[in-house]
Amino acid sequence: WQVGNYKRTVKRIDDGHRLCNDLMNCIHERARIEKVYAQQLTEWAKRWKQLVEKGPQYGTVERAWCAFMSEAEKVSELHLEVKGSLMNEDFEKIKNWQKEAFHKQMMGGFKETKEAEDGFRKAQKPWAKKLKEVEAAKKAYHAACKEEKLAISRETNSKADPALNPEQLKKLQDKVERSKQDVLKTKEKYEKSLKELDNATPQYMENMEQVFEQCQQFEEKRLRFFREVLLEVQKHLDLSNVASYKNIYRELEQNIKTADAVEDLRWFRANQGPGMSMNWPQFEEWSADLNRTLSRREKKKASDGVTLTGINQTGDQVSQPNKHSSSLSVQSNTVQSVQSSYNPFEDEEDTGSTVSEKEDNKIKNVSSYEKNQSYPTDWSDEESNNPFSSTDANGDTNPFDEDTPPAMEVRVRALYDYEGQEQDELSFKAGDELTKIENEDEQGWCKGRLDNGQVGLYPANYVEPIQ
């Protein structure tokens, strides 16, 4: 009720406009979080789906594992829908309501603020004017009282002074009399103005409350609107009531429960175990072309075409029965796939460990090989052609002596796991150290020696020099 205290109510209107901006910023940040989360789910699903598909897991358990990636993709879509609802519906609704509720003026500020300010000022102006008169009358009355007291004090002191003449004493007594009359006049005026102020107070209160109620109604609209918007935001964020969201996890549970260990073991036995078809060895006539062996450098050399004869699949590899000898014309890369179970120089993405490094450097050794990786099947109890079966492996003789110039021995460290695919190749794990004894040839192979004395070939790009 004090003069000027209505400004707090007027300021609430400006605060309402600012709170609309704050709520929009709040929703916008949440929408951005939903978008980022959806993107991260999609990236996670894509990366791990590739790792699982290229990894050694198989069968129904693999499908159950991959179901998590499908769940992530579907949940990602739902969170993108949440983001769209927050921005396209809730954000825009607040923005439009703010624009309709608050009208900016040419000179700054809002029309609603100015109307409230003018209403309060108009309602308070008459009462404030009378209050000012009361304050002035009060000040005059208090000054007259002070003057009266001072005059009485002077008169009292003069009576005790024998040197003071009667004229001066009379003047002091007249001063006291005038002061008393001034006190009566100012007191009467003060009481009158105060009475007028009291009479104007009920009308003042009524007018002020009328303007205040208008402000209350305006604020009530904003508060109710905020509650409505917050409820809509809650509905958009609450995925637990979305039927499709529940179906995602119901389907995920069903996919996991379909994982059958017995079925997977049966599949592995039929496709990778004793149940595989086998081309058992049978008598074959000697052929000069059949017994011709290709050197490693001939295998790696690019050519337009090579004719192979007598290609037989042995071991646990699937083959067509009753085909003991055949002739096939293939490109050089096909020759490499036949002669060697896998070529580390074809594409780094063919190995699971390299894929995991490229996808995420933090994930290592998730899958060191692919599920379809083939394994060498050549073996013999008497490896007469194995240069490592005798004392040669200890370095007495070097089975790799060729016309290439000798190189300085250099210590190197393995970057990746490598499993030797042929008898003259080394096998090592990532982090193992070995000695390079011959520089890289034109086909990308180096000759090295392990710490146990074994000598053989290895891919040059699988190691790095030790600094």
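Glycine is treated like the rest: Cβ placed from N, Cα and C.
What TrEMBL records for 1-264 is domain 'F-BAR'.
Here TrEMBL flags 169-200 as coiled coil. Distant neighbours of the coiled coil (169-200): 126-127, 130-131, 133-134, 136-138, 140-141, 143-145, 147-148, 150-152, 154-155, 158-159; these residues of the same chain sit at least 6 beyond its ends, with a Cβ under 8 Å from one of its Cβ atoms.
Annotation source TrEMBL lists region 'Disordered' at 295-405.
Here TrEMBL flags 309-324 (among others) as compositional bias 'Polar residues'.
Positions annotated as compositional bias 'Low complexity' by TrEMBL: 325-341.
Per TrEMBL, compositional bias 'Polar residues' is recorded for 364-377 (among others).
Feature annotation from TrEMBL assigns compositional bias 'Polar residues' to 385-397 (among others).
The DSSP breakdown of the domain 'SH3' (407-467), given as helix, strand and coil counts, is 3 helix, 27 strand, 31 coil. Under the heading domain 'SH3', TrEMBL lists 407-467.
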* **Within the predicted model, mean pLDDT of the domain 'SH3' (407-467)** => 89
